[in-house]
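Taken from TrEMBL, the feature FMN binding site covers 78-83, 130-133, 165-174, Asp200. Residues or ranges marked as NADP(+) binding site in TrEMBL: Arg290, Thr526, Ser587, Arg588, Lys593, Val594, Tyr595, Val596, Gln597, Asp630. Among the features that TrEMBL reports, FAD binding site is placed at Arg446, Tyr447, Tyr448, Ser449, Cys464, Ala465, Val466, Tyr470, Gly480, Val481, Thr482, Thr483, Trp668. Residues annotated as domain 'Flavodoxin-like' in TrEMBL: 72-216. Marked as domain 'FAD-binding FR-type' by TrEMBL: 271-512. Annotation source TrEMBL lists transmembrane segment at 20-36.
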Amino acid sequence: MADTPELMDEDEPFFSNLDILLFSLIAGLLVYWLVFRKKVEPIPEFKKLESVAQTTRETSFIDKMKKTGKNIVVFYGSQTGTAEEFSNRLSKDAHRYGMKGMSADPEEYDMSELSRLPEIENSLAIFCMATYGEGDPTDNSQDFYDWLQEGDADFTGVKYTVFSLGNKTYEHYNAMGKYVDKRLAELGAQRIFDLGMGDDDGNLEEDFVSWREQFWPAVCEHFGVEATGEESSIRQYELKVHSDLNMNKIYTGEVGRLKSFENQKPPFDSKNPFLAPVSVNRKLNKAGDRHLMHLELDITGSKIRYESGDHVAVYPINDSVIVNRIGEVLGVDLDTVISLNNLDEESNKKHPFPCPSTYRTALTHYLDITNPPRTNVLYELAQYATEPKEQENMRKMASSSPEGKALYQSWVLDSCRNILAILEDLPSLRPPIDHLCELLPRLQARYYSIASSSKVHPNSIHICAVVVEYETKTGRVNKGVTTNWLKSKMPTDNGHKATVPMYIRKSQFRLPFKSTNPVIMVGPGTGIAPFMGFVQERGWLKEQGKEVGETVLYYGCRHKNEDFLYQEELEEFEKTGVLTALNVAFSRDQAEKVYVQHLLKKSKEAVWRLVHTDNAHIYICGDARNMARDVQNAFYEIAEELGGLSRAQAVDYIKKLMTKGRYSQDVWS
């Protein structure tokens, strides 16, 4: 509109001075009105256009599928990398059936576009969805989950299937996969194959392989296609060896941005971890054959905030002895600088790990070389075994035959054979190292419950962990990657502080909003970790003059004189009244074993009063497989006996506490 007077000037050039004065006045008023009256209102058009352009350029998986001729998209919700791995395997499978697949992170795409999938002929969406914690979505599928809950999209014509990953020892087994499967159907999508249920407490790999073996024939039948019979290995990445690259352009272990460990910039997260100096590393247990440790990470100046109950994620590095031995067995120079480049140029995933890098860096920082490899790795590597019997056994282990499954279970899983053990025990198997690096899964961050309160320790994060070391059936000694690496991280005084790449993962494991609510904490062994933070915080609240409800701890260890973790601190908390009651079960100090659940039942009247009358919050931390289940059963029995409830009513009573957030678990298996 500001241009209008000029246009009118051109049309009628012979204006009088009065006309010019009037026009100037009108123009002035118009400018005033536009600038001052309208200035608080944003102009939405520009932003809208920008986001539309962005959508088509970056976040449209439909456009990407059309452009690259893909008709199958496999979305993954992954916390530890397994669902992503399964997703890649399914997308690679597609070409064996004359179809083309792509693996996709729902966080990177506009998921509302799912309704457009029928625009692509013979299209299918597969979802590999892991469940995290107490039935939660993984970090990368949180937005998709929220959108599914709120949205009312029309998915008519969309064909889908879901494979879910979970663990039966957890209360909300496969909750995320079940929800996605149910919700897509409610929104009109057509399920073309049954929901797959993977149980990590049993054999997740076997569950996946069995489901997949039945899934693809169902897809063939549905779309009227046949397997092409192509069973050859399909490389996803091609090797490029660099001979004259500037050393400043080579990754040396960074998770995201190149040189991010040299030049640290907040905010810190999973793609940009903070290098926290280790300020304390001490052994917690007084005796015994285990090593339980207490570490303190200094987060001064990092702007990192945490709350009691959160998890600290730590990026470990692999043992150099194993890395060097792999290089030795395969006869390669581990310091060769390489890139593995995706053959699909349209893929968002350009490399399997940060490139360019060296084989040594990849095997040390980026690849999981200590867990038993999955069957697809054995299948792809089998072609390199020159001894027919070895090749046959590798292929058999990757099949879904009962004999093959049993062989994989006994020879790989039960014997805890990692990739090095497999290479050592199959002398004819000598794969190219670049193909091995392509196949091995990414080394993942490990999560630890924080053993401190930020109210008391704002610049420090405490970790309590047991160092894992055991002998396998093959006579080898296997060591836990992260705990052994952390054990070696001693604070030093010679100017080189040991550091740990870390970030915070928020948790739902929280103290009650009202400090007057009583809390009952049950945590044997290193399950004590979050409760050290809780007790510190309750003590701090008392110091602030706040009224604090009863604080009761049930703790268990093997021997009082060996592994009573934080004994002095806990006894001091009890003495000062911060801990109302400290109940400790020493399981092996007497002939009959005593565990935390026995102590709960021993003080059942006090427990029932706190829960039923005083609105207590219950917290369980530690082993999911046995302890958490046994403790839950103890609460059922107390509710039955003192509440006069039937077993079914008692179960319902505890389930209601869970729904209300009054019965929380931070457990692992």
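Quick reminder: no glycine exception, Cβ is built from N, Cα and C everywhere.
With DSSP classes pooled into helix, strand and coil, the tally for the domain 'Flavodoxin-like' (72-216) is 65 helix, 35 strand, 45 coil. Using a 10 Å Cα-Cα cut-off from Gly133 (FMN binding site), the binding-site residues that qualify among Arg290, Tyr448, Val466, Gly480, Tyr595, Trp668 are Trp668.
Long-range C-beta contacts of Tyr595 (NADP(+) binding site), restricted to its own chain and to partners at least six residues apart, with a cutoff below 8 Å, comprise Pro524, Gly556, Ala585, Ser587, Met627, Asp630. Tyr173 (FMN binding site) sits 13 Å from Trp668 (FAD binding site), taking the Cα positions as reference. Compared over the binding-site residues Tyr448, Trp668, the count of CB atoms lying within 10 A of a residue's CB peaks at Tyr448. Cβ neighbour counts within 10 Å, taken over all protein chains shown, single out Arg446 as the most crowded of the binding-site residues Arg290, Arg446.
Put plainly, the binding-site residues Thr482, Ser587 were compared by Cβ crowding within 10 Å, and the winner is Thr482. Nearest Cα neighbour of Arg446 (FAD binding site) among the listed binding-site residues (Ser78, Ala130, Asn167): Ser78.
Note on the domain 'Flavodoxin-like' (72-216): mean pLDDT across this stretch is 94. Reported as a whole number, the C-alpha separation between Gln597 (NADP(+) binding site) and Tyr170 (FMN binding site) equals 18 Å. Within 10 Å of its Cβ, the residue among the binding-site residues Tyr170, Tyr173 with the fewest other Cβ atoms is Tyr173. On a Cα basis, Cys464 (FAD binding site) lies 24 Å away from Asn167 (FMN binding site). Here the Cβ of Asn167 (FMN binding site) has 21 other Cβ atoms within 10 Å, regardless of which shown protein chain they belong to. Around Val466 (FAD binding site), the same-chain residues six or more apart in sequence whose CB sits under 8 Å from its CB are Arg290, His291, Leu292, Met293, Thr483, Gly525, Thr526, listed in sequence order.
A sphere of 10 angstroms centred on the C-beta of Cys464 (FAD binding site) encloses 23 other C-beta atoms.
Of all Cα pairs drawn from Arg446, Tyr447, Tyr448, Ser449, Cys464, Ala465, Val466, Tyr470, Gly480, Val481, Thr482, Thr483, Trp668, which the record names as binding FAD, the longest spans 23 Å.
Counting only same-chain residues six or more apart in sequence, the Cβ atoms lying under 8 angstroms from the Cβ of Lys593 (NADP(+) binding site) belong to Ser587.
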